[in-house]
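> What TrEMBL lists as substrate binding site is VAL85, ASN109. The annotation NAD(+) binding site is assigned in TrEMBL to ARG164, ILE165, ASP185, PRO220, LEU221, HIS222, GLU223, GLN224, THR246, ASP272, HIS301, TYR302, SER303, GLY304. TrEMBL lists 34-331 with the feature domain 'D-isomer specific 2-hydroxyacid dehydrogenase catalytic'. TrEMBL lists 118-290 with the feature domain 'D-isomer specific 2-hydroxyacid dehydrogenase NAD-binding'. What TrEMBL records for ARG248, HIS301 is site 'Important for catalytic activity'.
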Amino acid sequence: MAPKVLIILYDGGEAARNQPKLLGTTENRLGIVVVTSDKEGPNSVFRKEIVDTEILITTPFHPGYLSKEIMDTAKNLKLCVTAGVGSDHIDLAAANERKITVAEVSGSNVVSVAEQVVMTMLNLVRNFVPAHEQIISGGWNVAEIAQDAYDLEGKVIGTIGCGRIGYRVLQRLEAFNPKELLWFDYTDLPADAAKAINARRVDTLDELLKTCDVITVNCPLHEQTRGLINADKLAMMKKGAWLVNTARGAICDRMAVVKALESGHLNGYGGDVWDVQPAPPDHPWRTMRNPLGCGNAMTAHYSGTTLDAQKRYAEGTKDIVDRYLQGKPQNPANVIVENGQYASKAYGQRK
Ligand code: NAI
């Protein structure tokens with residue numbers, strides 16, 4: 001485990017902010033460690049500091065988008081660590097060209113997300129959000145809520161991607177007595193894991209889309225999943241189906257989702273991930289609703305950052321940095337790209 005480092009310096013205040021050479025201040029931390037949330041635009045701390053950074057630690061919850069162009073300026077960069085799971089905010093192809101290692105803390109928040117998926121499904125199917133809003137605003141109208149409320153029991157529920165999260169979602173859903181559980185993934189489950197759940201694998205995404213009442217997205221964002229759920233795919237879904245996406249916002253086409261929900265083809269869309277984060281105040285996913293005024297269960301990106309998860313991904317981040325500093329190999333489960341190659345099979349099918 002990497003040691004905790006305590007640095008005691010003097011406060012520089014305004015002077016330190018104006019003069020970055022005031023390295024001996026708490027603000028500039030001897031130039032060893034920079035911590036910032038300022039990540040957007042050419043004058044951001046991210047863009048200024050990346051030029052001589054060797055280890056970049058980012059989090060998916062407030063992603064520092066490391067594009068190829070920004071990587072071109074990062075001459076010393078060797079290691080990108082994602083404190084959490086999901087490294088799509090790093091241009092992985094560009095990292096490979098430069099032999100930059102990208103690692104994440106695999107498994108650190110998969111239960112946190114699986115619980116959120118089940119919660120979001122229940123919220124949508126049982127029409128919880130409008131029911132709660134009605135109470136807060138002083139109302140009491142049972143029919144208005146019940147007209148769009150159903151049971152999860154007896155529904156066909158499927159996951160796109162059956163890795164750590166998708167599998168855990170299926171495990172938890174068994175307790176709700178669904179009609180059938182389905183999964184679509186190009187990767188096999190280990191034989192014992194496949195046997196341990198009462199779920200059927202489907203051969204194509206289209207079959208999953210056409211068959212399910214409730215669908216959850218649990219694959220990473222990569223070049224084969226960006227915009228995967230577009231207008232054509234949404235049209236394949238059953239009328240009145242619900243879609244839960246806690247994977248990555250950009251897997252679903254922004255306006256296609258809005259249109260499908262507003263037309264009533266989708267009865268609900270919920271999740272915590274957005275195609276850009278933080279989501280702008282006028283992002284249409286904040287306010288979209290189905291024709292009954294229901295069907296929106298969106299939140300800020302928080303499912304994988306519960307306090308329990310934060311402990312795990314903080315420890316995992318320290319472990320990755322520690323191994324790097326000591327020249328030890330990384331835990332293979334955490335490595336996304338290394339030595340110019342994809343080490344993970346989850347970021348797209350390749351030869
Ligand atoms: P994992 O790597 O264990 O599983 C991902 C699965 O998706 C793999 O089995 C892979 O083969 C499959 N997959 C990839 N492309 C696919 C495609 N085109 N069609 C079907 N399946 C495909 O990853 P894990 O831990 O289950 O996480 C999945 C994603 O969930 C992460 O990459 C991240 O984007 C997101 N996530 C979101 C969090 C949140 O707070 N909302 C927190 C943690 C993860």
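Any Cβ shown, glycine's included, is placed from N, Cα and C.
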> Could you check the binding-site residues ARG164, HIS301 and say which one's CB has the most other CB atoms within 10 Å?
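Buried the deepest by this measure is HIS301.
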> If the NAD(+) binders are ARG164, ILE165, ASP185, PRO220, LEU221, HIS222, GLU223, GLN224, THR246, ASP272, HIS301, TYR302, SER303, GLY304 per the record, what's the largest distance between their Cα atoms, in Å?
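Greatest Cα-Cα span of the listed binding residues: 25 Å.
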> Which chain-mates of VAL85 (substrate binding site) that are at least 6 residues away have a CB under 8 A from its CB, listed by sequence?
PRO60, GLU104, VAL105, SER106, GLY107, SER108, ASN109, VAL110, VAL113, ARG164, GLY304, TYR313
> Please check the binding-site residues ARG164, GLU223, THR246, SER303 against ligand 1 and give me the ones with CB under 6 A, sequence order.
ARG164, THR246, SER303
> So of ASP185, GLU223, which of the binding-site residues has the fewest other Cβ atoms within 10 Å around its own Cβ?
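Across ASP185, GLU223, these binding-site residues, the one with fewest Cβ atoms within 10 Å is GLU223.
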> Cβ distance under 8 Å to SER303 (NAD(+) binding site), same chain, sequence separation 6 or more: which residues?
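Counting only residues 6 or more apart in sequence, the Cβ neighbours of SER303 (NAD(+) binding site) under 8 Å are ASN109, SER112, VAL113, GLU115, GLN116, VAL117, THR246, ASP272.
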> List the same-chain residues at least 6 positions away in sequence whose Cβ sits under 8 Å from the Cβ of LEU221 (NAD(+) binding site), in sequence order, or say none.
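The answer is GLY86, ASP88, ALA247, ARG248, ALA250, ILE251.
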> For SER303 (NAD(+) binding site), which of the three DSSP-derived states applies: helix, strand, or coil?
helix
